[in-house]
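One structure is given below, encoded as structure tokens.
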């Protein structure tokens with residue numbers, strides 16, 4: 001066989017040698033065909049316009065010429081539009097702000113250039129409070145009660161200082177006892193040390209500590225530059241103005257991509273102890289108050305700049321410190337505004353209300369740090385130009401540092417670096433290595449914003465002037481920032497207020513839910529192994545080295561990897577609390593899963609934590625104060641000389657007055673948790689041999705507790721406990737459906753079918769293609785054709801109540817089957833209402849409406865429905881909305897003689913008025929078509 005192939009090849013070469021070589025361009029190409037996809041990498045092709053003649057055969061053009069070519073097109077990823085859920089209920093009225101709030105959640109952030117969400121996530125309205133705006137504190141017996149409600153030590157009364165904040169401690173004072181011999185100025189910018197810090201956004205928020213409070217102590221600190229000492233706040237453990245700034249501590253780092261930059265920046269943001277104490281979430285995230293989110297918005301600029309070109313980055317930074325400070329570990333004085341916000345938190349958990357604490361005051365507070373500034377620039381370079389320069393990564397860093405010093409930003413002595421002026425990149429830009437960068441972006445902290453922004457520059461400009469750095473340095477003294485800090489959770493400050501333990505636990509729960517809103521697990525995977533980052537309601541892609549583009553969809557010539565690293569999906573909801581008072585949640589490495597040799601996700605796929613379970617039906621949150629919180633582990637273990645230890649209990653059981661040790665002969669009663677009842681003999685007795693008498697008792701289920709589901713799902717009916725045989729329905733916002741069964745029944749063992757912790761909403765099959773084809777249709781090639789109710793409607797879509805005109809029966813159908821049937825000209829099926837068919841006023845009016853619609857002169861399609869004479873179609877909800885009777889026209893088409901209301905007097909109305917009156921649930925009796933007799 002091989003011999004024959006060799007002979008054929010030799011003959012072909014001989015023939016080509018004897019003939020003229022085919023000039024393939026003699027046959028022109030057609031235009032490229034249209035792309036097979038509008039996004040997500042389609043293909044297009046073209047063909048040669050071949051003319052088969054003697055030249056074609058003589059010169060073997062059929063063998064030598066490529067007749068068809070294909071290429072990729074529309075590489076950009078399909079846009080994903082932002083989707084918001086509905087607003088929740090209004091919160092209770094805040095007595096201090098006289099406002100109430102409601103919020104909506106982001107069901108899906110925008111990505112890949114999709115439409116952003118423009119509606120506000122939070123809305124307020126004025127209200128009339130039922131409480132006074134006062135501070136209530138516990139244990140105020142031996143203290144002075146301020147008019148505001150705050151308690152202060154009695155020794156602070158009449159000392160000439162406003163310790164209450166409202167000066168009520170200085171009224172009606174015959175004599176004052178000054179604390180200090182004269183008035184001293186507080187430490188400059190001391191209030192900055194008391195601000196909260198939003199860890200997720202990387203920025204300061206509202207004041208949580210009252211650092212103007214001195215606590216009746218005249219503690220002073222002096223700086224070497226000032227002749228007069230400063231008064232120290234009672235919240236401060238230590239203040240030190242003797243800060244040495246090392247002139248030559250300018251640092252640089254090289255980053256091949258922003259993924260490694262972000263990871264390094266996050267690890268630098270917290271101390272080691274704090275990182276293990278708090279959740280590991282990046283600080284570069286969107287803040288709702290984005291007008292103050294300088295650091296977050298600046299990093300987003302860096303990300304978007306990296307999309308323009310395959311880039312590498314060099315960061316240069318330096319700390320400037322004015323003073324160091326350390327807060328006291330306990331007995332911190334809270335600011336009035338923060339204390340009032342804590343006091344007026346509701347006892348019952350409300351995610352929206354508790355989350356406002358983090359929006360207004362941040363998630364952490366400063367335990368130590370420095371006042372000053374941070375010179376911090378990141379330079380973007382073309383990766384290709386940097387490689388062609390001939391410099392190593394270390395040499396490139398040295399050149400950035402050398403030229404920064406040379407330009408007299410920092411007025412340091414420098415050593416001449418020939419490699420920085422005589423490399424290919426610098427020579428291309430007149431001997432300047434920095435001029436060869438694409439741009440620099442300011443991540444500067446402290447100082448006036450105008451001077452901080454002037455430190456950065458764009459390619460093609462002359463760059464910052466020599467005096468810019470010195471001007472910024474001077475402005476740092478007037479406008480310092482907290483730098484080089486350590487943090488503690490803001491929940492640690494919730495002390496010495498009514499129900500402190502309850503509110504502290506609620507805040508910790510809210511913080512977990514709040515942090516989940518910043519988790520990029522909600523984003524779709526980015527092309528070419530990019531890492532998604534959630535910025536408000538938009539997902540951005542951070543590109544790997546060698547890739548770029550708006551969504552990292554473009555590759556540099558040297559990028560050959562097809563590996564896809566795994567990324568975590570979102571955490572499931574927490575499981576119910578088990579008998580060991582533990583609950584758990586899981587996540588999967590599927591966003592995306594590792595492919596083609598990619599790395600798996602780092603970290604654990606399961607979490608566990610302590611939890612509490614109510615042994616009785618929950619009738620409200622208990623108020624637990626700090627001094628009431630005592631755990632069994634704090635109690636001394638008794639000496640077990642005689643008697644019985646705790647008895648073994650059946651599942652879902654407990655005992656009243658539980659003890660560590662029971663006397664011989666003592667009995668205990670077995671009780672069951674809410675939703676269970678005891679079957680058998682419920683009493684156990686401690687025997688002389690220190691064992692328990694065997695009792696045949698078990699806890700059998702009599703009801704089911706409300707299941708724990710994700711926030712996006714709505715449970716109907718909403719109850720705390722459901723009896724065996726009762727059912728619930730799970731629903732989603734409009735345009736979304738439950739990604740699984742929507743109806744569940746309480747059975748003897750549990751909910752049937754089992755309710756998954758990861759159950760959520762997904763886009764309805766009808767909504768997915770609505771931009772391409774009308775509802776009930778699907779795309780086939782370039783055309784839209786009707787869906788098949790049997791073949792195309794297997795995926796879940798919302799339930800509708802439908803009336804079949806042929807059989808005069810109503811039934812529940814999926815929206816997909818209903819719309820597919822309408823497309824196939826099934827005129828017998830009519831929409832009654834959304835949701836399953838259930839007896840009641842909604843079903844009665846829906847059926848009566850269809851009877852009345854037979855004579856309607858108006859038929860306007862509106863979502864699933866058709867609007868008639870007495871209705872208008874709402875463009876916002878795609879529902880038919882009834883007119884008010886006065887809004888109906890006075891035409892005399894389709895008249896009816898009716899009796900309306902309790903008076904039941906006869907009246908002639910048209911079909912619009914009749915429908916509007918019935919829609920308003922007003923009693924109407926139709927006497928006959930046409931006018932009433934005179």
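Every residue, even glycine, has its Cβ placed from backbone N, Cα and C.
According to Swiss-Prot, the protein carries these features:
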- 156, 159, 161, 163, 169, 170: Ca(2+) binding site (BINDING)
- 22-61: disulfide bond (DISULFID)
- 24-65: disulfide bond (DISULFID)
- 35-73: disulfide bond (DISULFID)
- 82-117: disulfide bond (DISULFID)
- 93-127: disulfide bond (DISULFID)
- 96-133: disulfide bond (DISULFID)
- 577-611: disulfide bond (DISULFID)
- 672-699: disulfide bond (DISULFID)
- 773-823: disulfide bond (DISULFID)
- 786-837: disulfide bond (DISULFID)
- 793-816: disulfide bond (DISULFID)
- 867-919: disulfide bond (DISULFID)
- 22-79: domain 'TSP type-1 1' (DOMAIN)
- 702-763: domain 'Sushi 2' (DOMAIN)
- 785-839: domain 'Kazal-like 1' (DOMAIN)
- 324: N-linked glycosylation site (CARBOHYD)
- 825: N-linked glycosylation site (CARBOHYD)
- 855: N-linked glycosylation site (CARBOHYD)
- 872: N-linked glycosylation site (CARBOHYD)
- 766-840: region 'Factor I module (FIM) 1' (REGION)
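The disulfide-bonded residues in question are 61, 577, and the one with the fewest Cβ neighbours inside 10 Å is 577. Using CA atoms as reference points, the binding-site residues 156, 159, 169, 170 were checked against residue 867 (disulfide bond), and the closest is 169. Of all Cβ atoms in the shown protein chains, 17 besides its own fall within 10 Å of the Cβ of residue 65 (disulfide bond). Cα separation, residue 324 (N-linked glycosylation site) to residue 170 (Ca(2+) binding site), rounded: 33 Å. The DSSP secondary structure for residue 169 (Ca(2+) binding site) is helix. Between residue 611 (disulfide bond) and residue 163 (Ca(2+) binding site), the C-alpha separation comes to 40 Å. The two recorded residues, residue 24 (disulfide bond) and residue 837 (disulfide bond), show a Cα separation of 70 Å. Distance from the CA of residue 919 (disulfide bond) to the CA of residue 35 (disulfide bond) is 51 Å. Listed in sequence order, the residues 152, 157, 158, 160, 162, 164, 216 complete the 8 Å Cβ shell around the Ca(2+) site centroid, once 156, 159, 161, 163, 169, 170 themselves are left out. Mean pLDDT for the region 'Factor I module (FIM) 1' (766-840) in this predicted model: 78. Per-site Cβ counts within 10 Å over the disulfide-bonded residues 35, 672 peak at 672. Closest by Cα distance to residue 825 (N-linked glycosylation site), from the binding-site residues 161, 163, 170, is 163. Here the Cα atom of residue 855 (N-linked glycosylation site) is found 29 Å from that of residue 786 (disulfide bond). Most buried of the disulfide-bonded residues 93, 96, 773, 837, judged by other Cβ atoms within 10 Å, is 837. Note on the glycosylation sites 324, 855: the fewest other CB atoms within 10 A surround the CB of 855.
Within the domain 'TSP type-1 1' (22-79), the DSSP-based counts of helix, strand and coil residues read 12 helix, 14 strand, 32 coil. Rounded to a whole number, the C-alpha distance linking residue 61 (disulfide bond) with residue 699 (disulfide bond) is 87 angstrom. Annotated pair residue 793 (disulfide bond) and residue 163 (Ca(2+) binding site), C-alpha to C-alpha distance, rounded: 70 Å.
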